[in-house]
Amino acid sequence: MSEGFGAGGQQQDDLLLQQSQQSQSQGSGEYQWSSYAMMDSSRVSTCLISMLLIVYGSFRSLNMEQEQREKEKKRQSESTNNLLTGEPIPPEQNKFATLDTMHALCLPLGASVSLLIMFFFFDSMQMLFAVCTAIIATVALAFLLLPMCQYIIRPCSDGNRISFGVCGRFTAAELFSFSLAVSIVCIWVLTGHWLLMDAMGMGLCVAFIAFVRLPSLKVSTLLLTGLLIYDVFWVFFSSYIFNTNVMVKVATRPADNPVGIVARKLNLGGIVREPPKLNLPGKLVFPSLHNSGHFSMLGLGDIVMPGLLLCFVLRYDAYKKSQCTQTAETGVPPPRGVGSRLTYFHCSLLGYFLGLLTATVSSEVFKAAQPALLYLVPFTLLPLLTMAYLKSCDTIARSDRN
């Protein structure tokens with residue numbers, strides 16, 4: 001949230017907001033509409049896309065970690081071979097940012113400060129917010145598109161890196177993905193289309209989940225609990241202090257298009273057509289295919305923050321699986337007991353789905369913006385903690401029997 005979303009996206013996190021421009025009938029007609037709205041295409045898309053982003057980002061992070069481990073082993077073997085020659089081996093740079101306890105405690109406070117800055121100074125700083133968000137979203141979108149570009153470029157490229165001086169060395173696939181990302185962001189600036197904004201938001205989600213690490217369940221619990229309090233306060237209680245819902249106000253406020261601002265300063269209003277205002281990519285928006293004017297919104301924080309937890313448990317599941325494989329090779333049978341086939345990742349992903357479903361029901365029942373983390377955090381953490389407790393009890397019982 002503090003670094004991954006940039007200046008324009010952070011304040012629109014942690015908010016599940018469903019808006020409708022159509023009036024709803026009363027009595028039985030309203031009940032039928034509510035039942036139908038639960039299966040609306042916008043809601044189904046919100047649920048499916050958010051879960052796919054978490055799964056993809058988690059496995060992308062796991063693959064990157066495995067590749068880095070293999071490179072480290074190769075580097076160590078090369079350093080051993082070069083002891084006689086004395087040639088230096090450059091150290092491998094760590095690609096991942098790990099959040100510690102202090103980060104987990106300070107992140108909700110930093111998010112609150114950024115939210116207030118957006119609330120009070122949005123009009124005077126919206127140009128800065130839009131430009132910073134576009135730059136960060138371009139890099140994140142290039143990361144999202146990289147595997148597809150690698151698959152396309154592979155038949156006609158040898159994988160060698162091209163030097164660009166101080167900018168670094170890049171493969172043809174990386175240049176291709178960056179070019180696509182720049183093109184998508186430029187078209188979004190000119191058109192403001194919601195689909196391009198969603199593509200940029202997806203890139204931000206996947207990049208954040210892939211590069212940011214939670215080191216332990218303790219830090220994960222502190223982070224999610226603090227963000228839950230932050231989410232609930234700014235959605236439910238900010239109106240008592242600021243006479244308006246700060247979270248909803250910031251999340252739904254469009255920014256002036258930088259192209260239009262530059263055109264007005266250069267007196268090109270008669271030459272350049274007035275571009276549309278931009279909704280910054282701090283959320284995913286899914287319009288309904290059946291109800292015109294009806295759409296669902298999910299803040300990126302409602303995907304990224306639970307996604308960090310699921311990425312952590314996926315890495316832990318992979319570690320435990322490798323341990324079981326090593327013990328099986330020595331003739332020790334793998335442990336069988338409570339939840340031996342159910343992984344922590346499956347348990348947490350199921351909890352995330354149930355939490356998202358509960359948040360959707362609540363937004364439909366109360367007809368108001370809902371802090372999605374209020375539902376996602378308990379449904380994601382509690383099954384995980386319960387499963388860990390049951391497995392630990394089962395391990396203790398088996399050790400006592402032996």
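Cβ coordinates are placed from backbone N, Cα and C, and glycine is handled just like the others.
Annotation source TrEMBL lists compositional bias 'Basic and acidic residues' at 67-77. Here TrEMBL flags 67-87 as region 'Disordered'. Taken from TrEMBL, the feature transmembrane segment covers 41-59, 104-122, 128-149, 170-190, 196-214, 221-242, 295-314, 342-360, 372-390.
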If you count CB pairs under 8 A between the transmembrane segment (128-149) and each of 170-190, 196-214, 221-242, 342-360, the winner is 170-190
The DSSP breakdown of the compositional bias 'Basic and acidic residues' (67-77) into helix, strand and coil residues is 11 helix, 0 strand, 0 coil
- Query: How about the transmembrane segment (342-360) and the transmembrane segment (104-122): do they have 3 or more C-beta pairs under 8 A, pairs 6 or more apart in sequence?
  - Reply: no
- prompt: Have the transmembrane segment (372-390) and the transmembrane segment (221-242) got at least three CB pairs under 8 Å, pairs 6 or more apart in sequence?
  reply: yes
Per the Cβ filter (under 8 Å) with a sequence gap of at least 6 from its ends, the transmembrane segment (221-242) is approached by 1, 14-15, 99, 101, 103-105, 107-108, 111-112, 115, 119, 214, 248, 301, 305-306, 308-309, 369-374, 377, 380-381
